[in-house]
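Enquirer: Let me give you the structure first, and then I'll get to my questions.
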Amino acid sequence: MVLKAVCVLRGAGETTGTVYFEQEGNANAVGKGIILKGLTPGEHGFHVHGFGDNTNGCISAGPHFNPASKKHAGPKDEDRHVGDLGNVTADANGVAKIDITDKISLTGPYSIIGRTMVIHEKADDLGRGGNEESLKTGNAGSRLACGVIGTE
C-alpha cells in the first residue's frame, strides 16, 4: 500500500511551495516534486518542525521534530533530528525543485503527518557551525514559509 501526504507552504512574504510525499510499506518516505518559489538564490534550510500549529505564523511550529532528543545535524548523519532535511538550493529565479528520500515516515511514532514543514531564510550549517544554536537549528535564520503536512 502506498501512503501519500501533501504540504502547502505559505508565509508572510513571497515564498510559497508544495511538497508531495509517498511511502510504500515500511520504506523511507519520498518527497516528490518539491517546488519552492520566491526564495533568494542559494541554499535554504528545510526542516520538519514538531507542531502542526501555524496560528501565530511559522513560529508556532516549534523546534525541529526531534522525538529521540538528538542534536541537530545533516540529513546524511546518523545522529540527528528526524526533521533535519538539510538544504534546498534556489536558482537565479528563486525557485528550488527537488526530490528527496529520507528517514522520515508517514506512519508510526516518527510520523511527520500533522507536523509542519518550514523553509528558512539562510543555509543550514548542518550542526557544524561551532556554536550552541548550530546544534539546535543549524543557524538557518528566520522562517520564510511553512505548512502542515496532511494526508492526501
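Our numbering is plain: 1 for the first residue shown, then up by one each step along the chain.
Cβ atoms are placed via backbone N, Cα and C, with glycine included.
When I checked Swiss-Prot for this same protein, it listed these features:
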- C7: S-palmitoyl cysteine (LIPID)
- H47, H49, H64, H120: Cu cation binding site (BINDING)
- C58-C146: disulfide bond (DISULFID)
- H64, H72, H81, D84: Zn(2+) binding site (BINDING)
Enquirer: Under 8 Å between C-beta atoms and at least six apart in sequence, can you list the same-chain neighbours of H47 (Cu cation binding site), or say none if there are none?
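Expert: Long-range Cβ contacts: H64, F65, H81, G83, D84, L85, M117, V118, H120, D124, A140.
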Enquirer: Between H49 (Cu cation binding site) and C7 (S-palmitoyl cysteine), find the distance joining the two CA atoms and give it rounded to the nearest Å.
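Expert: About 13 Å separate the Cα atoms of these two residues.
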Enquirer: List the residues in the vicinity of the Cu cation site, defined as same-chain residues other than H47, H49, H64, H120 with C-beta within 8 angstroms of the site's C-beta centre.
Expert: G45, F46, V48, A61, P63, F65, G83, D84, V118, T137, A140, R143
